[in-house]
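The structure appears below as structure tokens.
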Amino acid sequence: MFKPGSEFAKFLDNNDLLGYVRQRFYIKENYIYMCGNSLGLASKDSEETALKVLDKWKNEGVKIWNVDDNKYFMYSMHLAKLMTPIVGADHDEIAIVSATTVNIHQLISTFYKPTKARYKILLDNINFPTDRYAIESQVRLKGYTPEEAIKVVECTDKYIEEDDVIAAMTEDVAIVFLPVVYYRTAQVLDTKKITEAAKDRGILIGWDLCHAVGVLEMDLKSLDIDFAVWCTYKYLNGGPGSPAALYINRKHFNHQPGLAGWFGNRTETQFMLQQNFEHRKDAGGWQIGTPALLSMGALEGSLKVFADVGMVAIRKKSLRITGYLIYLIDEELTKFGFSVGNLREDSKRGGHVCLEHDEGYRISLAMKARAVIPDFRDPNVIRLAPTALYTSYEEVYNMVKIIIDIVKNETYKEFSVKRDLVV
């Protein structure tokens, strides 16, 4: 399938059907960016739409809420329509709002209604910790301790087994909340299997899509899950601090939001400023405060790129370019003590490759000093995300050669083992 050598990397680039999309992004010369799983690069589309919002503010002031058929007053709805084909849900089931952690608080406070018989929330022990922090605080607000109300599925080695999750779905579990893709290992869970098991047992099921959205093909409607959250600054390239998103299955539109705010009020009566909250009966009813238009503006441009390219093509290239990187690691890097920390099956890995090494942290610093940008996760994982929209195969090949040079010449030893504030 793959071959060694730089000429083969060039061949792959010459036959890359998405190679043209790279021109829509700002890419520094002689700079290899492998961190799109943490923060995606800026696109020219995002710059254009962000500046358009800024221009509207400059020229219209408060009238920005009225221009363009109230587009910016209802910006979440506008962006939700662009998000629809990415996650496979109706636009009125999606709200572009707030931050991922806030949205977890919002949805757990909405759906967690513990009873004497059902009061536990099922989590795992290797998810990104903000999910755990938020849910622990929510169970405390209901009068429980985390030890009483949170049930944890332990990983096997470093992966979660779906059968272990299902076995933990006992009669006292009210909600299951898990990630689709794990931030460290890029493991993809079988969402269909787990969701169906939860539904069969009368358990509500929610998913964290942060490391899945923009890299996996998803169809939330066919899964028929209850709720989901995700961020937009990783593979969706919305920019640092870009607004997050939530999904609420339309069958739950009559629920009252756990955290109500004036932007969740019915649009028609919102500016009547009544003391009685009139819940808007769609996902927009879970908005809380005034939307952050400037960051939403950047996201709009990025979502337009996805609308032009489509998730089928993106997933196809993502699997191919990460597969190429795994091939090069096996061929070139294992002899230097590196290994691949991913599951190998296409259906079980997300958009980044886990390059493991005992000196992973210092090697990652040496890579950055050579203008190759990964990130690092303890204890030994260099996360590498050759992104479908803007990474070339030749960049992947050149990065591997730089890593070889770093370990051969032991230049990583020039760096401290002390962790930087952001790694």
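Placed from the backbone N, Cα and C atoms, the Cβ positions cover glycine too.
The pyridoxal 5'-phosphate binding site annotation in TrEMBL covers THR101, ASP208, HIS211, TYR233, TRP262, THR290. Listed in sequence order, THR100, ILE104, ASN127, PHE128, ASP131, PHE177, LEU178, PRO179, VAL180, ALA228, VAL229, TRP230 are the same-chain residues six or more apart from ASP208 (pyridoxal 5'-phosphate binding site) with CB atoms under 8 A from its CB.
Among the features that TrEMBL reports, N6-(pyridoxal phosphate)lysine is placed at LYS234. Counting every protein chain shown, the number of other Cβ atoms lying within 10 Å of the Cβ of LYS234 (N6-(pyridoxal phosphate)lysine) is 26.
Of all Cα pairs drawn from THR101, ASP208, HIS211, TYR233, TRP262, THR290, which the record names as binding pyridoxal 5'-phosphate, the longest spans 30 Å.
Here the binding-site residues are THR101, THR290, and the one ringed by the most other CB atoms within 10 angstroms is THR101.
Neighbour counts of Cβ atoms within 10 Å were taken for the binding-site residues HIS211, TYR233; the minimum is at TYR233. When the alpha carbons of THR101 (pyridoxal 5'-phosphate binding site) and LYS234 (N6-(pyridoxal phosphate)lysine) are compared, the span between them is 15 angstrom.
Cα-Cα distance from LYS234 (N6-(pyridoxal phosphate)lysine) to TRP262 (pyridoxal 5'-phosphate binding site): 29 Å (rounded to the nearest whole number). Here the Cβ of TRP262 (pyridoxal 5'-phosphate binding site) has 13 other Cβ atoms within 10 Å, regardless of which shown protein chain they belong to.
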